[in-house]
Ligand code: NAP
């Protein structure tokens, strides 16, 4: 297993919310795989820098790319370049202590922030911005990011708007994450009852009647609609879920140097049940929301990589995980295979499908396997590149150090965020 960072686990380490430690339990399964005979970890080895995909394909019978979706989607609206607009992928990696993004320094939001998009990532961000820093301290959240969020809250961060372009029936978040917002003493989730009602047209009702999950979400959202009357409170921080609203411009602050607000317009839904699209309402007035931070949380994109075919939708053409290219022996699993959707469980099933395809291909290959120089040559080339290869045993030492530092500070772990420091510790 080759990994660019000295630390394994990708999204589990840098994407899963720090206050969802139970989701990270899958690391125990990964540890088990790592202790399987024949498994080796090559951390701090970057594909395309220390070793090429071409070289890997030459030396191994099969190569599986699990490189995820590293790119982020843009809104393509005026003002998006302003200081204070930040993409969710980097923002999440900032508070999760990713070495590439710990220095992000997001702008101070003032009294309000807006998160665009209504997937689970958007809810994670709204929760981390509004939950009590004292409660989050015990998690493995990056300490400097938490201190920054605590300072924003002390400076008056009061409301996080979570803005969805369609109705609640089409929203991408799941009920567990939605319900969770209403379980913290100092967070008040609210929904405008009028917007909730607007979300329901005839096609939506048909969608609703077919989805047990969405039927349950009605109860949760109706409770939040009852909270709407308390929207003026200052004793709790507010998460305001907005529906049928699209951002049309990020507005500058008075001196023009950064974000001062967000202009949104009202949408209506058009199209068949299950395929309803948000279309700007005719005559619908625009509304300006004052905020000093805009977090774009509208999904991820697979980034192109030399040797990886991508179609027009930025998807890898594959059959059961086997990439459809002439040479064969190349596979994909995870978000690079299925696109940037799905929780860990869905990706496990996908990975199993790819592994099954790979094993079937190898066993049906017939004849003599092609002569290959073998993995030891690729290893020699990686080591000759001068990078300090981090083994799984090295990683376990880093992990133990993170736990030791965390215990000293009342946290589950204090992540080491500097690659140079990690390597010096080994
Ligand atoms: P997502 O679930 O695909 O949600 C993206 C959101 O952005 C949708 O609400 C989408 O609305 C909206 N959007 C896209 N383009 C937009 C635009 N131009 N203007 C306004 N809104 C726009 O993506 P995600 O939140 O990044 O999550 C990725 C995956 O990770 C998901 O499968 C998620 O469930 C999973 N995840 C799970 C958890 C968890 O289980 N706790 C936590 C984090 C992530 P439309 O529907 O209208 O396109």
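Each Cβ is built from the backbone N, Cα and C atoms, and glycine gets one as well.
Among the features that TrEMBL reports, FAD binding site is placed at 3, 11, 47, 335, 342, 343, 344. For residue 335 (FAD binding site), the number of other Cβ atoms no farther than 10 Å from its own Cβ, over all displayed protein chains, is 23.
Residue 177 (NADP(+) binding site) carries a helical DSSP state (H, G or I). If you look up TrEMBL, you'll see 118, 119, 120, 121, 165, 166, 177, 342 marked as NADP(+) binding site.
Listed binding-site residues: 47, 120, 165, 166, 177, 343. Those with a CB atom under 6 Å from ligand 1: 120, 165, 166, 177, 343.
With a 10 A radius on its CB, residue 120 (NADP(+) binding site) counts 18 other CB atoms from all the protein chains. In the three-state DSSP scheme, residue 344 (FAD binding site) falls into the helix class. Between the CA atoms of residue 11 (FAD binding site) and residue 121 (NADP(+) binding site) there is a gap of 12 Å. Put simply, residue 118 (NADP(+) binding site) is 15 Å from residue 342 (FAD binding site) when counted between their Cα atoms.
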